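According to TrEMBL, the protein has these features:
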type	residues	note
BINDING	163, 202, 205, 310	Fe cation 1 binding site
BINDING	202, 253, 310, 313	Fe cation 2 binding site
TRANSMEM	217-240	transmembrane segment
REGION	319-358	region 'Disordered'
COMPBIAS	319-328	compositional bias 'Polar residues'
Ligand SMILES: [Fe+2]
Ligand SMILES: [Fe+2]
């Protein structure tokens, strides 16, 4: 079973991630029954950033989790900024995101959708989701009401699984298109950067959640195994049918939007008190990446940003799945004629049809 002991190894002041309140460990309620050990905390802020310990909360018990990726100290470097700065959202753009589903139209799309249903079942099981915590199975990516809420720990497990998987396809697709461009001596027309940026963005989601919890060895093994299978599967499927693979990723992103919408609803409904606590602040890595304004740094605010990112990925991948993979330019980085606005993927859950953007 899970250990709920605090980590005994304290970090140096600069590296320390000081956490308030240990959350009850996950697997006391999980059917897995393995020492999955995820230690979860309410975040985490360095004293260095604020020059004081004002974010060192008084709540008890105070725990210290190992910082998985402390900033590397060197003689001359002050800090390293994100290579792909986030473009930002207005509050309305984030609030306008809704769960959605694009209905499969071909046998290949149906197979991709059914496989995604299988992956969702696996994720629900790994999260230790009970029947009363699940949504209406007839509308699995749009229904958000449940009889019982998940706990903060269950949500974090789910976020970690989801994000560790979600960062793979953009890298595989970007890599394969990059190699094809080199091999065929042809332009790629803007797809590679969007795909690589998507995987970078997903990794930032993962790193953000990694600042809030500490997975144990069992979960790490699951993540390694899942990545091995997933990377190789995507590699083959992108070679065989990039269109179906983009559709599959669109379905994956539908799941991501759905998961984060459920989490936001449960925070709003008061079911996740540790995240609604006024003392709770999101990790500095998130504040820096999304440039979250002062006063808008709650867990709900953070999930609104992440959900908007997922909505973009959903719209982008469903759109790319509709295009000619060899010739069409990437509509999301293109200038349009006659001052026409470029497409906005976050507001199109089913993506744009080719005729709309070419
Ligand atoms: Fe993500
Ligand atoms: Fe995503």
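Glycine is treated like the rest: Cβ placed from N, Cα and C.
TrEMBL labels come from automatic prediction, so no person has curated them.
What TrEMBL annotates, mapped onto the structure for a quick look.
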| residue | record | DSSP (3 states) |
| --- | --- | --- |
| 163 | Fe cation 1 binding site | helix |
| 202 | Fe cation 1 binding site | helix |
| 253 | Fe cation 2 binding site | helix |
| 310 | Fe cation 1 binding site | helix |
Listed binding-site residues adjacent to ligand 2, that is, members of 163, 205, 253, 310, 313 whose C-beta is under 6 A away: 253, 310, 313
Listed binding-site residues with Cβ under 6 Å from ligand 1, out of 163, 202, 253, 313: 163, 202
Additional residues around Fe cation 1, ordered along the sequence, whose Cβ is within 8 Å of the centroid of 163, 202, 205, 310: 162, 166, 167, 201, 203, 204, 206, 256, 306, 309, 313
Other residues, Cβ within 8 Å of 202, 253, 310, 313 Cβ centroid (Fe cation 2 site): 166, 198, 201, 249, 252, 256, 257, 309, 311, 312, 314, 317
All-chain count of other Cβ atoms within 10 Å of residue 202 (Fe cation 1 binding site): 26
Same chain, 6+ residues apart, C-beta under 8 Å of the C-beta of residue 163 (Fe cation 1 binding site), given in sequence order: 202, 203, 205, 206, 209
CB within-chain contacts under 8 A for residue 313 (Fe cation 2 binding site), separation at least 6: 166, 170, 198, 201, 202, 249, 253, 256, 345
Nonlocal residues around residue 310 (Fe cation 1 binding site), in sequence order (Cβ under 8 Å, 6 or more apart): 166, 253, 256, 257, 260
